[in-house]
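As recorded in TrEMBL:
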- B:26-44: transmembrane segment (TRANSMEM)
- B:56-77: transmembrane segment (TRANSMEM)
- B:97-121: transmembrane segment (TRANSMEM)
- B:133-154: transmembrane segment (TRANSMEM)
- B:174-202: transmembrane segment (TRANSMEM)
- B:233-254: transmembrane segment (TRANSMEM)
- B:266-283: transmembrane segment (TRANSMEM)
- B:290-308: transmembrane segment (TRANSMEM)
- B:314-331: transmembrane segment (TRANSMEM)
Amino acid sequence: MLITKTFRSLGSIKIPLILFMILLFVISIQAPKLFSVSGFSNAILVSAPLILATLALTPIVMAGRGAVDLSIGPLISFLNVTLIAWLSGNNITNPIVFCLWAVIAGAGYQIIQALIVTYIRIAPIIVALSGYLILTGVNLMVMSRPGGLSPEWMSSWSGGGEPQIFSPILILVLTALGLWGLFTRTGLYKQLRLVGSDERMAYTSGVRVDFVRIVAYALGGVFAGFAALSYTALVSSGDPTQGATYTLQAVTALVLGGASLSGGRGTATGALLGALNMFLITYLLGAFSFGSLSGYITSLAYGGILAASLLVNVVSNRSSVSRG
Amino acid sequence: MSTSYFYDRCLSRMSIDKSISIDKSIVLGSALLIFLTIMGGFLLEGFFSFQNLRSVLLLAAFLGIASLGQTLVALLGGLDLSIPFIIGSANILLPSLLSSGLPPVLAIVIVLMLGALVGLMNGALSFRLQGQSLIMSLAVGFMAVGATQIYTSIGSEFGGNVFTPIPEWLRNLAAFNGVTFGIQIPPVVFIWAAISILLIWLMRNTWFGISIYAVGGSRVAAHRLRISESRTWIQVHGISGFMSATAGILLLGFSGGGFVGVGDPYLFTTVAAVVIGGTSLLGGSGGYGATILGVLVLTVLTSLLVGLGLSFAAQQAVIGSFIIPMVAVYARSKHIRNQI
């Protein structure tokens, strides 16, 4: 009785949680190497950019109007190549400057998007699409092919020596989750949920709709900056070509985590679980040997999972509505 | 109030709304097209040469065929992002079928049918979640491309690329130096023109065309007219899949070799063509005529940028920055205080 009650109170993260458990179970049989210190530290390193990218999408999608920021991948890619080409390439390797640039540029880009959405009043998806095109182009102009080298202090993040669980990457993820936790304590969070689920209602209730939206986008931008830092640490170089992949993965993780793309609903736990599930699925597929087919099977699997979780979300939302 | 009275009212209201919004965007699009053409004539030598005009028309034909489905889906208020993936899948599936010894015509029919089938599946899956149909179409596209690559790479070491002789008539259909009944213009341009005329006629004069505008304009009104929303939605996605497969096949004739990434540029250029043309992404207003204009604007702009020596990356950035001002001119949503 108690179990079913707790289970129901989990709401939208119920399904991602079940999937997470199942995946862990299968992996513990198929690929138990994950449950070791090196396995864990590697898992954190590889999944951090996706977790943070998914987290970056969460406040933006919550703001409603169908705002799925498709330009998130190119944005992370943009921050990555500028960190390497503009800062590292000019011998600016101060960690504080690095982190500040990623966070400020990320937030700045998202604030521009929010201003266009609120004041020029264009559908967010169109703004995201054109942002995608512009950034993809700009990224290739900044750096025409993968290359460059991240500063020394950063390559030590990716576990150059001993595998460690409490790496700076983990701290980055925890900081982001902490920031989100603080945000959910403020009144702005409630207002954001209201704006996302019913913007007219929010407006007539006196919520500063525009302001809330801009803050949500800015927060998403900060997380995008975090994602770019962890991504740069992961690849230890600049790569202008990975934008599209990250967009698709982050959107899939977001949906997999139970967020509603129509706005108003989204949790950090959901984003975290969604991204971890994506990582575990990739890990599991890697454990089977498909040889040269593995890349295609991964894309087939991503597509299938995305479609299935969209359908499941629809069904589960409907049943929760009918229950009241 | 009789049904026919209501029906007439609906239709006349729709056509009035439609004509106003189309006129504005068409005037703007034409002005832009003329401006770009004059710019091209001034800045570049040989911009008006037969060679250049032919290549502009050829590239426009590919984009136009790929944007047809996108236009129809946008008229219903959705977006179809599976288009580039279906183009890529068709582009590698056809040579793979040819190399397994199927007669070309049969292979093409199979690819077209599969394209339509994927489109129909996309429509059926996304119908219940129309707010998120864009993401669903992305998912379907990924599945299609993954499945095709698995099929084509079984028993072959070149997964993404398939090499096989392409029939001469298919090459002639879409190559730069293709010839149509003695005219030095590739047949694909005329095919595009024929499809365009047919579609514009269908949209104006058949129940099918009216259904699309009715569903896109107002779901409630369409329901009152006994137009099935689900049928229209699924049909339109099927057409989009079919046209994407067509574009993939024609692009095979153009390039001569299958390559799965051939559709990638069409992910956003089809949306850009629809948006620049003036079809509202909210559904209900616009049309394929507007998209043709958008396609021409985009192609002339690209040709101008290439002539000026811009790299592909820079072209993308310029085209991307074109979209927001264009949409801002005619497709702004109302302020929230006016929506209450």
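All residue numbers here begin at 1 and follow the chain in the order shown.
Including glycine, each Cβ sits where the backbone N, Cα and C put it.
Remember, TrEMBL labels are computer predictions, not curated facts.
By the Cβ criterion (distance under 8 Å, sequence gap of 6 or more), the transmembrane segment (B:290-308) is counted as touching the transmembrane segment (B:26-44), at least 3 such pairs being found. Counted over residue pairs 6 or more apart, the CB atoms of the transmembrane segment (B:266-283) and the transmembrane segment (B:174-202) come under 8 Å in fewer than three pairs, which marks the two as apart. Among the stretches B:26-44, B:56-77, B:133-154, B:174-202, B:233-254, the one making the largest number of Cβ pairs under 8 Å with the transmembrane segment (B:97-121) is B:233-254.
Ranked by the number of CB pairs under 8 Å to the transmembrane segment (B:56-77), the listed stretches B:26-44, B:133-154, B:174-202 are led by B:174-202.
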